[in-house]
Amino acid sequence: MPSLLLIEDDDAIRTALELSLTRQGHRVATAASGEDGLKLLREQRPDLIVLDVMLPGIDGFEVCRRIRRTDQLPIILLTARSDDIDVVVGLESGADDYVVKPVQGRVLDARIRAVLRRGERESNDSATFGSLVIDRAAMTVTKNGEDLQLTPTELRLLLELSRRPGQALSRQQLLRLVWEHDYLGDSRLVDACVQRLRAKVEDVPSSPVLIRTVRGVGYRLDAPQ
């Protein structure tokens with residue numbers, strides 16, 4: 001049974017989502033502020049965090065940034081707006097996915113399960129791209145022999161690219177493979193995740209040699225020359 005931490009200040013929304021997600025088979029702990037959510041996170045380790053953007057005190061963006069300093073737990077943002085500013089800031093803060101309010105419990109449950117599947121084990125092989133080694137059995141990635149701390153979404157994106165070395169994958173393909181949905185506007189999910197992943201796997205993220213941009217198409221993973 002997956003355990004969730006729901007951080008939402010609206011009492012009615014928090015209660016409704018807690019009830020719906022519990023009925024869907026999740027264990028749900030709740031907090032009404034970012035401060036309380038961070039305190040709960042120190043006391044217990046959930047499998048995933050559902051985090052509202054607009055919170056009293058420290059907002060959801062800052063909560064996300066603080067979590068990402070020390071932890072790679074998957075995070076789904078709840079936002080009242082689907083415009084570029086809220087979504088891009090949230091994704092750049094380290095969120096794995098987002099859901100626009102008003103939230104339907106079944107939709108949120110589907111997104112939660114999709115995010116959690118990204119951490120499931122795959123085949124028992126490995127792939128090497130220069131100093132980068134991807135161990136699919138252990139679900140680990142090392143660079144120059146040192147473990148990289150990737151979120152489940154970053155790991156899944158790298159796995160999907162590594163299965164097709166040298167092949168350009170469109171943003172829509174990656175949305176289906178990694179996020180399991182392909183709404184056109186959600187291509188921002190791909191770009192933000194690629195940016196975060198490059199910061200961890202590339203020697204010079206601004207001049208990538210592994211995860212290449214294919215103009216007008218999407219991205220591909222290359223072995224360095």
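Heads up, the Cβ atoms here are built off N, Cα and C, so glycines get one too.
Quick caveat, the model's predicted, so the values are computed rather than measured.
Marked as domain 'Response regulatory' by TrEMBL: 3-116. Residues annotated as 4-aspartylphosphate in TrEMBL: D52. Residues or ranges marked as DNA-binding region in TrEMBL: 124-223. TrEMBL lists 124-223 with the feature domain 'OmpR/PhoB-type'.
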Per DSSP, how many helix, strand and coil residues does the domain 'OmpR/PhoB-type' (124-223) have?
38 helix, 24 strand, 38 coil
From the DSSP assignment alone, can you count helix, strand and coil residues within the domain 'Response regulatory' (3-116)?
55 helix, 24 strand, 35 coil
